[in-house]
Every structure is written in structure tokens, then in C-alpha cells.
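Colleague: Quick one: the structure is below, questions incoming.
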Ligand SMILES: [Zn+2]
């Protein structure tokens with residue numbers, strides 16, 4: 001094989017792996033949703049193996065820091081007994097916020113792969129970029145938009161459903177008040 005074909009094949013293989021891991025992250029996001037949380041899921045991969053997983057638990061835990069990525073980074077740190085998670089890739093269904101992006105830099109994670117952009121709080125390029133900030137001592141490689149449509153739809157379906165539930169509750173309350 002010529003070098004350029006070889007490169008293309010390995011790029012395609014990486015893209016297929018990224019999609020497969022992102023599907024696993026979406027399944028974790030569904031776990032969060034089952035617990036009434038905003039559906040965001042994350043996992044950490046080293047040498048093509050999942051070493052830690054996490055999903056959003058902020059409401060259940062009464063903890064603003066219990067984002068999917070933080071849960072995942074905490075679990076991985078316990079596992080490897082090191083806060084530095086070198087040569088790992090973090091997959092998450094939604095673009096990380098400033099807190100999670102900061103933790104990824106501290107943990108020296110090598111690569112970030114995320115699904116949907118977060119135009120309101122995204123800190124990997126949308127609102128700001130903390131993961132590729134040259135002022136910091138560590139930058140991550142970033143791949144965005146992996147299964148972006150499906151990841152985004154998982155979130156918008158959740159918020160649609162929640163709005164409908166709130167509306168139904170309001171109408172039921174109104175009826176009772178009559
Ligand atoms: Zn976050």
C-alpha cells in the first residue's frame with residue numbers, strides 16, 4: 001500500500017473506533033436519563049480499552065461537579081492510582097464545560113472526542129477553548145462532531161419531554177385549582 005492509502009485506512013479505522021466508543025457513551029447518557037438527569041455520558045479509553053465510565057449525576061448527588069467527564073476522570077484516577085491519565089482518550093456525548101475541560105488539562109488526557117457542540121457552555125471551542133489553549137502547559141488533541149446529530153437529539157428529546165411534563169403538571173394543577 002502507498003503511504004497515503006495507508007494513512008487513509010488508519011484514519012477510517014480511527015473514525016470507526018470513535019463512533020463505536022461514542023455509542024457506548026450514548027448508552028451511559030441513557031443511564032443518566034433513567035435517573036432523571038440530563039443525559040450526558042463519558043468514557044475513558046486507553047490502548048483501545050475502556051478503563052472508566054461516567055454519566056451525569058448532578059441532581060442525584062446535589063453536586064454541580066458531578067458531570068459525566070468528572071465522574072469518569074475520578075474513577076480512572078482511582079483505578080490507575082494516579083491523577084495523571086496519560087495517553088488516554090476521553091469520549092463524551094456533549095462538548096465539555098469549563099470545569100471538565102480544566103480537569104482534562106490537569107489530568108493530562110491526550111485526546112478529547114465529543115459529540116454535540118454546546119453553544120451555551122462549551123469550553124472546547126464553542127464559547128471558549130480551554131483544551132487547546134497554548135498558555136497552558138498541556139493541550140489536548142480534539143475530534144468534535146462524532147455522532148453529533150444523534151448525541152444532540154438524545155439531549156433535545158430529553159428537554160422536549162421535560163417541557164411537556166412540566167406543561168402537563170401545570171395544567172393538572174390548574175384543573176385542581178378550579
Ligand atoms: Zn462539565
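Every residue, even glycine, has its Cβ placed from backbone N, Cα and C.
TrEMBL labels come from automatic prediction, so no person has curated them.
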Colleague: Looking at TrEMBL, which one out of 67, 106 binds Zn(2+) in the same site as 97, 100?
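Modeller: Of the residues offered, the record points to 67.
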Colleague: For the domain 'CMP/dCMP-type deaminase' (16-127), jot down how many residues DSSP puts in helix, in strand and in coil.
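Modeller: Tallying H, G and I as helix, E and B as strand, the rest coil: 45 helix, 26 strand, 41 coil.
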Colleague: I want the residues beyond 67, 97, 100 whose C-beta is within 8 angstroms of the mean position of the Zn(2+) site's C-beta atoms, in chain order.
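Modeller: Along the chain, the qualifying residues are 68, 69, 70, 96, 98, 99, 101, 103, 121, 123.
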Colleague: Which value does the mean pLDDT take for the domain 'CMP/dCMP-type deaminase' (16-127) in this predicted structure?
Modeller: 98
